[in-house]
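Positions annotated as transmembrane segment by TrEMBL: 31-54, 74-92, 99-116, 122-140, 152-173, 229-249, 261-276, 282-299.
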Amino acid sequence: MLIVSKNRDGLPDINVLLLVFSARDIEFKKLLGTFSLATFSVLIVTILASKMGIISNMLMSADGGYRYSLGFNYVSFASQRMFFALCSYLMFRGKKISYLELLALLMSTIYMYQQTSTSSPFYLSILILTYALLSIKIFKKEFIIGNFWTKTLVQYGFILALVIVLYFCFYSSGNLFHLVDQFTHNRLRLSVNGFQNFGVSWLGQPISFTTLDMFGNFTSNYNFIDSSFVQLLVIDGLIVSAFMLFALTKVMRYFVSIQKDIVLACLGIMIIHGMFDPQMLVLRYSPLILFISRLFIVNEDTKIE
């Protein structure tokens with residue numbers, strides 16, 4: 001707790017960690033329902049306020065068009081929030097989700113992409129919505145839980161994702177490196193630069209990233225690390241990283257043990273997202289950090305669907 005608060009936001013991070021522990025006996029569905037409601041409410045109110053001119057709507061030119069912030073501080077923030085709200089809602093509703101709800105989530109995702117042109121949350125949202133449609137509504141089959149290999153892979157998804165990111169950073173061939181870097185919009189290169197510029201220590205270090213100038217343009221010495229996994233290593237250090245990987249792997253094994261297929265699917269998609277995006281463990285975006293509370297529960301909550 002002290003290491004995280006030292007390297008990141010101090011007291012706010014201590015409060016988050018205390019919240020994680022205090023949430024241990026709150027029913028899982030209530031956690032997800034509250035998080036989904038709060039995130040959708042923030043999205044709706046902020047977007048409406050930007051459309052009404054109450055708050056500014058930042059725009060950025062890209063690929064012959066424009067990307068809009070929809071009232072948030074940057075053009076990708078709204079779509080990132082929508083992605084995690086969608087995953088949270090799918091986990092909250094589980095097998096009870098309807099075709100109409102899936103359609104509403106799809107239309108919201110398309111709207112976000114049209115406005116913000118943020119590709120990663122869009123494609124991953126389409127992927128998880130397709131999985132939910134096939135698994136819950138059409139075939140009514142648990143594809144992850146029902147297969148030994150997928151069940152094993154998802155249990156160790158966080159460790160596997162870190163290994164893949166490190167492989168791409170340090171061991172991939174020139175052509176593969178450039179292909180992945182291009183596909184992730186230079187985020188692989190920024191991860192490598194992060195390791196080279198800041199290094200990795202046992203206790204981590206506070207870092208002030210250089211991103212946009214006063215006019216909202218990218219600076220020539222831009223050095224932000226987008227990968228949640230690389231940020232965890234560089235900022236929080238090896239001790240915190242080892243604990244988080246252990247705790248999150250236990251979380252995955254917990255959901256495997258209580259046979260929650262759509263929860264595992266959503267967590268798997270969030271892991272993929274976190275390989276090259278920074279929001280995976282940030283509470284104002286993602287509920288994932290709250291799931292560590294499942295390790296401290298006193299009352300079992302297997303009936304979450």
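Backbone N, Cα and C define each Cβ position, glycine as well.
Highest Cβ contact count with the transmembrane segment (229-249) among the listed stretches 31-54, 99-116, 122-140, 261-276, 282-299 falls to 282-299 (criterion: pairs under 8 Å). Contact counts against the transmembrane segment (152-173), taken as Cβ pairs under 8 Å, peak for 261-276 among the stretches 99-116, 122-140, 261-276, 282-299. In this chain, the transmembrane segment (261-276) lies close to the transmembrane segment (74-92): three or more C-beta pairs between them fall below 8 angstroms, excluding pairs fewer than 6 positions apart. Non-local neighbours of the transmembrane segment (31-54) in the same chain are 23, 69-72, 78, 81-82, 84-85, 88-89, 91-92, 287, 290, 293; each lies 6+ residues outside the stretch with a CB under 8 Å from one of its CB atoms. When Cβ-Cβ distances below 8 Å are used as the criterion, the transmembrane segment (122-140) is approached by residues 79, 82-83, 86-87, 90, 94-95, 97, 99, 102, 105-106, 109-110, 112-113, 261-262, 265-266, 269, 272-273 of the same chain, each at least six residues removed from its ends.
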